Amino acid sequence: MVLGGLMEAGRLSVAGIGVAATVELLALGLACGASAALLRPTGLRAKLAVAALAHALCNLATLWMADGALIGLRAATGVFAGVMLWSTVGMIARSARPERQAGVFVTVQTLAQMVLAALLPRTAMAAWGVDGALVVLAVISATAAGAALAAPRGYAPLPHRAEGGGGLSPLAWAGLAAVFLYMAFIVAIWVYLEPLAAAAGLPPAQAHDAVAAALAMQVLGGLVATVAGGRLRPGPVLIGAGLINLGLVAALSSHPSGAAFMGLVAVFGFLWLFVLPFHTVLLIAIDPSRRAAMQLGAAQLLGSSAGPLAASLLVGDSDAAGAMKLAGACLVLALTLIVGVVAVTARRRAAVAL
């Protein structure tokens, strides 16, 4: 919405929207991963307050930027957001019920996005255009800086790995690669949802309704994962959801009718947020030291940016079929890795029990 507003204001080109979004997501993911690897979980209040204030200043500085300078500033914005996300991932990874905490996080995050998407065009953007939205985002970031003063002073150190060494194992890298590919699949479809709706014969109003239905089902999926996640094992959930998603890809590629398209997209939205908390649980099962789980945010965000970027090379001006093919390939690879990781983890668990 904000990037679209910047385009309408003549400060970004159509191509610049995609570049700015990709650059910001990449910076966010890389900063989150680098923070997990390099920053100590101490002095959190100061680190979070500085990151939130810097994020607010970047949003304010965007008021006077355009084109390349604006894209560079959005990259800086992503860096500071990545530091803030690192603290949240650290809290989730260290919790006794990581699937519950992750479910709460993704649900609240999606609800906040829905509220802002509904209110900004009718309030700040109606009065002051995209600059009004940027000021609101800056105020939210500044408020987060104040809230950081109530955050924990630090987190407990992560447990040591039983086999020694501080690096990630090949199995942990395989789990992170599965997460990367899964998110590439999800967002490659999401970005091209409206062209896919048009190819299915839906008018723009119905396409917007399909997006709204998917967002509502995302919230429901996050809530269900929050409530029921502790009673479910990550392997069967991730494999089962992946198989259902394969069916969704096939069905969406067949140009279904309007009602069928909306139903398929609703299921897609539900599975999106329902599955995310189980990524955390799977990575903890792979690596009980929780170091792999600390890189979850980076894997998810880098996959979320790589999927649409790769899909953009395969789609035509009016045909998004290439995005579906890429999404399907990413999903098959992710499922293959998940099945392998779950099998190896189960064998290790059985060997320890003997």
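Note that Cβ sites are derived from N, Cα and C of the backbone, with glycine treated the same way.
Feature annotations, courtesy of TrEMBL:
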| type | residues | note |
| --- | --- | --- |
| TRANSMEM | 12-39 | transmembrane segment |
| TRANSMEM | 46-65 | transmembrane segment |
| TRANSMEM | 71-93 | transmembrane segment |
| TRANSMEM | 102-120 | transmembrane segment |
| TRANSMEM | 126-150 | transmembrane segment |
| TRANSMEM | 171-193 | transmembrane segment |
| TRANSMEM | 205-228 | transmembrane segment |
| TRANSMEM | 235-253 | transmembrane segment |
| TRANSMEM | 259-284 | transmembrane segment |
| TRANSMEM | 296-314 | transmembrane segment |
| TRANSMEM | 326-346 | transmembrane segment |
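A Cβ distance under 8 Å defines the sequence-distant neighbours of the transmembrane segment (259-284), meaning residues of its chain 6+ beyond its ends; these are 92-93, 98-100, 102-103, 106-107, 110, 172, 175-176, 179, 182, 186, 189-190, 193, 196-197, 200, 202, 206, 209-211, 213-222, 224-226, 229, 232, 234-235, 237-238, 241, 244-245, 248, 251-252, 290, 292-293, 296, 300, 338, 341-342. The stretches the transmembrane segment (12-39) and the transmembrane segment (296-314) are in mutual contact, each linked to the other by at least three Cβ pairs under 8 Å (pairs 6 or more apart in sequence). Most Cβ pairs under 8 Å to the transmembrane segment (235-253), among the stretches 102-120, 171-193, 296-314, 326-346, belong to 326-346.
For the transmembrane segment (102-120), the list of distant contacts is 1, 88, 92, 132-133, 136, 215, 218-219, 222-223, 225-227, 229, 273, 276-277, 279-280: same-chain residues at least six beyond its ends, Cβ to Cβ under 8 Å. Among the stretches 46-65, 126-150, 171-193, 296-314, 326-346, the one making the largest number of Cβ pairs under 8 Å with the transmembrane segment (71-93) is 46-65. Only sequence-distant pairs (6 or more apart) were considered; of these, at least three Cβ pairs between the transmembrane segment (326-346) and the transmembrane segment (171-193) are under 8 A, so the stretches are in contact. Below 8 angstroms of C-beta separation, residues 1-2, 5-6, 8-9, 44-45, 48-50, 52-53, 55-57, 59-60, 62-63, 84, 116, 120 of the same chain, each at least six residues beyond the ends of the transmembrane segment (126-150), sit close to that stretch. Remote same-chain residues near the transmembrane segment (205-228) are listed as 99-100, 102-104, 106-107, 110-111, 113-114, 190, 193-194, 197-198, 258, 261-262, 265-278 (criterion: CB distance under 8 Å, separation of at least six residues from the stretch ends). Within the chain, the transmembrane segment (46-65) has long-range Cβ neighbours (under 8 A, six or more residues past its boundaries) at 6, 11, 39, 73-74, 76-77, 80-81, 83-84, 87, 131, 134-135, 137-139, 141-142, 144-146, 148-149, 151.
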